[in-house]
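Q: Got a structure here, written out as structure tokens. Questions coming.
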Amino acid sequence: MPELPEVENVKKGLKELVINKQIKYVTVLWGNIVKDPIVETFISEIKGQRIITIERRGKFLLFVLDDYVLISHLRMEGKFRVEQSSVPLTKHTHIIFTLDTGEELRYLDVRKFGRMSLVDKNRVSLHPSLASLGPEPVCEELTVEKIRLFLSNKKRSIKSCLLDQKMVAGIGNIYADEILFASGIHPARIGESLTSTEISKLHHDIIDIMEKAVASGGTTIRTYSNAYGREGSFQQNLKVYGKAGTACVNCQTPINKIKIAQRGTHFCPNCQI
Ligand SMILES: [Zn+2]
């Protein structure tokens with residue numbers, strides 16, 4: 001699943017292709033992708049809207065239109081492509097935005113898990129997808145105090161807390177494992193058990209790793225290699241994710257993989273006690 005750095009990469013690529021273009025009309029081939037409003041309203045309201053810019057919040061792409069914001073969550077396999085209308089559709093194309101240039105912004109999704117919402121511009125921050133999101137992992141928004149407050153009553157694992165979009169927006173399985181390794185914190189530790197020194201370290205590593213991953217264009221893993229516009233290179237910096245059985249870069253102990261919060265979780269049993 002694309003996490004914040006990969007969605008940021010998609011956003012940058014799409015901005016170069018569709019900004020200032022007008023959506024002449026939209027064709028919905030698989031209605032379940034449209035979460036709200038109902039498909040008929042989605043189609044009638046988006047008609048004629050211009051794409052002013054594209055923003056990102058957590059793992060959500062936000063297409064800012066004249067009067068609306070199109071919120072898109074790619075979930076597992078969703079991706080956008082801009083093609084000339086003469087290029088044949090693949091069977092995984094579910095929504096087609098026909099642009100005034102004659103090109104088509106196509107939404108493809110093998111698993112059909114992705115979702116879109118068309119929301120009134122001045123109510124976008126209140127939309128359920130975005131309203132409960134925590135701060136972005138940048139120092140202007142994410143403070144040590146906010147993490148400390150969030151963790152103060154959490155009886156579940158720190159891994160689960162990092163995946164919780166209410167603590168920090170945009171972290172998924174890959175970066176949660178990498179952040180905990182950097183901080184030397186065992187992923188099964190209970191959230192409220194972290195010391196203030198550990199919380200400060202965690203805060204630093206969340207921002208540091210997410211910044212580096214964004215700068216590298218995200219992580220491109222074999223199975224996702226076609227999911228984004230451009231391939232990222234952060235996979236070269238991964239220290240534990242996908243490394244089960246290989247030697248820890250710090251201490252040579254084999255990296256362990258267990259299940260925490262229903263997710264495959266990688267850690268060094270020596271560095272993260
Ligand atoms: Zn180690």
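Heads up, the Cβ atoms here are built off N, Cα and C, so glycines get one too.
According to TrEMBL, the record shows the following:
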ACT_SITE  PRO2  active site, schiff-base intermediate with DNA
DOMAIN    2-114  domain 'Formamidopyrimidine-DNA glycosylase catalytic'
ACT_SITE  GLU3  active site, proton donor
ACT_SITE  LYS59  active site, proton donor
BINDING   HIS92, ARG111, LYS154  DNA binding site
DOMAIN    239-273  domain 'FPG-type'
ACT_SITE  ARG263  active site, proton donor
Q: According to DSSP, which kind of secondary structure is ARG263 (active site, proton donor) found in, if we only use helix, strand and coil?
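A: DSSP call for ARG263 (active site, proton donor): strand.
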Q: DSSP secondary structure for ARG111 (DNA binding site), reduced to helix/strand/coil, please.
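A: The three-state answer is coil.
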Q: Spatially speaking, which of the recorded positions LYS59, HIS92, ARG263 is closest to GLU3 (active site, proton donor)? Use C-alpha to C-alpha, please.
A: LYS59
Q: Determine how many residues of the domain 'FPG-type' (239-273) DSSP places in helix, in strand and in coil.
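A: For that range the per-state counts are 0 helix, 12 strand, 23 coil.
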Q: Which is it, of ARG111, ARG263: the one of these recorded positions whose Cβ has the most other Cβ atoms within 10 Å?
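A: Result for the most crowded candidate: ARG263.
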Q: Compare the C-alpha of HIS92 (DNA binding site) with the C-alpha of each of the active-site residues PRO2, LYS59, ARG263, and give the closest one.
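A: Checked the active-site residues PRO2, LYS59, ARG263; minimum Cα distance to HIS92 (DNA binding site) goes to PRO2.
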Q: Roughly how wide, in whole Å, is the group HIS92, ARG111, LYS154 that binds DNA, by largest Cα to Cα distance?
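A: Between the most distant Cα atoms of the DNA site, 40 Å.
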